[in-house]
Amino acid sequence: MSPTIYMIILSTLATGTIITMTSYHWLMAWVGLELNTLAIIPIISTMHHPRSTEAATKYFLTQAAASALILFSSMTNAWNTGSWDITQPLTSPSHILLTMALAMKLGLAPLHFWLPEVIQGSTMTTAFIITTWQKIAPMSLIFLTMNNLSTSVLLLMGLLSSLVGGWGGLNQTQTRKIMAYSSIAHLGWMATISSIMTNILIMNLLIYLIMTTSVFLSLIISKSKTIQDTTSTWTLSPTLTIIMLLSLLSLGGLPPLTGFIPKWLIMEELILQNFNLLISMMAASSLLSLYFYLRLTYTTALTLSPNTTQTKFKWRFYPNTSTMFITTPATISIFLLPMTPLILL
């Protein structure tokens, strides 16, 4: 794909998200989501490979179905109430339809099956766009319609997503699929808190985007497509190895790192609301997620791959990808915990 066309498609992708985020009319929100979907399809299918074509088809079908559900719920609501305003209360069937549609857009369990398959069929950069940028538009709709969505459905989906994200990633060897299940688990945590405290939801989304950016940029620079590939990261750059190690542990939510902030605040808030069983199950499922992050950190930083090279480092060619962009997200995803009181204000 030529750089000019690629830039046009990326700007269309950004425009679609911004239209959805800034609209108060259901039709405009739907138009933004459609623009977003149609712009990502050519990006997914650039590889001219059966896997990428399959991934693009799966992505298109699920997103089109979710968009149709959103349109259908807003139309039935407009039929009953005469209002197309996003912030107005929805009727009973409409709000359940909308909750399911947004869960399908995000990839929340039990509507998550498309996400690992689509990400595995894409390139690393496309997988990075799908797990980060593509979550912003549906999340902004959840934020706008929070008072209208079904709380019990969101809590149940959040619990299911954290469990599926933990269990699903255990036996994966592909780093993209591991990141897909990681995304499902993190979105589960966001879904549970969304109906209780929206400011924690926004903070969790921002921290998730930054941590995922840091990990994906590490994987893109080191060209690590499988767990086995990560064993030779140290020969490329010891600094990158340390960044990758700490970013993965932060994504797992270990205490001295940034990833602990959302887990800590969500657990505290859910305990205050007396969701003790729910949060116990979610905390247990986060241990499952932590296992596969630890497995990645172990292969990246603590093992030497069996090789016959006589030199300590690889040949240092000029890198194809710029390493400048990783500095900010890596720093934030490691050192932000002491800033928690400022973030909460």
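Just so it is clear, glycine is given a Cβ too, placed from its N, Cα and C backbone atoms.
TrEMBL lists 23-288 with the feature domain 'NADH:quinone oxidoreductase/Mrp antiporter transmembrane'.
Taken from TrEMBL, the feature domain 'NADH dehydrogenase subunit 2 C-terminal' applies to 290-344.
What TrEMBL records for 5-21 (among others) is transmembrane segment.
The transmembrane segment annotation in TrEMBL covers 59-76 (among others).
Per TrEMBL, the feature transmembrane segment maps to 96-115 (among others).
Sequence-distant contacts of the transmembrane segment (152-171) (same chain, six or more residues past either end, CB-CB distance under 8 Å): 96, 99-100, 103, 108-110, 112, 116, 177-178, 181-195, 275, 278, 281-282, 285-289, 291-292. The transmembrane segment feature in TrEMBL is assigned to 152-171 (among others).
Among the features that TrEMBL reports, transmembrane segment is placed at 178-196 (among others). Outside the transmembrane segment (178-196) by six or more residues, the chain places 103, 106-109, 112, 115-116, 119-120, 127, 131, 135, 139, 142-143, 146, 149, 151, 154-155, 157-166, 168-169, 172, 204-205, 208, 212, 215-216, 219, 227, 251, 262-263, 266, 269-270, 273, 275, 278, 282, 285-286, 289, 292-293, 296 with a CB less than 8 A from a CB of the stretch.
Per TrEMBL, the feature transmembrane segment maps to 202-221 (among others).
Annotated transmembrane segment per TrEMBL: 233-255 (among others), in sequence order. Sequence-distant neighbours of the transmembrane segment (233-255) (same chain, 6+ residues past either end, Cβ-Cβ under 8 Å): 182, 186, 211-212, 214-215, 218-219, 221-222, 224, 262-263, 286, 289-290, 293-294, 296-297, 300-301, 304, 309, 312-314, 323, 326, 330, 333-334, 337.
The transmembrane segment feature in TrEMBL is assigned to 275-296 (among others).
The transmembrane segment feature in TrEMBL is assigned to 317-337 (among others).
This prediction places the mean pLDDT of the domain 'NADH dehydrogenase subunit 2 C-terminal' (290-344) at 82. Beyond the transmembrane segment (59-76), the same-chain residues lying 6 or more positions past its ends with a Cβ under 8 Å from any Cβ of the stretch are 26-27, 29-30, 33-34, 37, 40-41, 44, 84, 90-91, 93-95, 97-98, 100-102, 104-105, 111, 114, 118, 130, 141.
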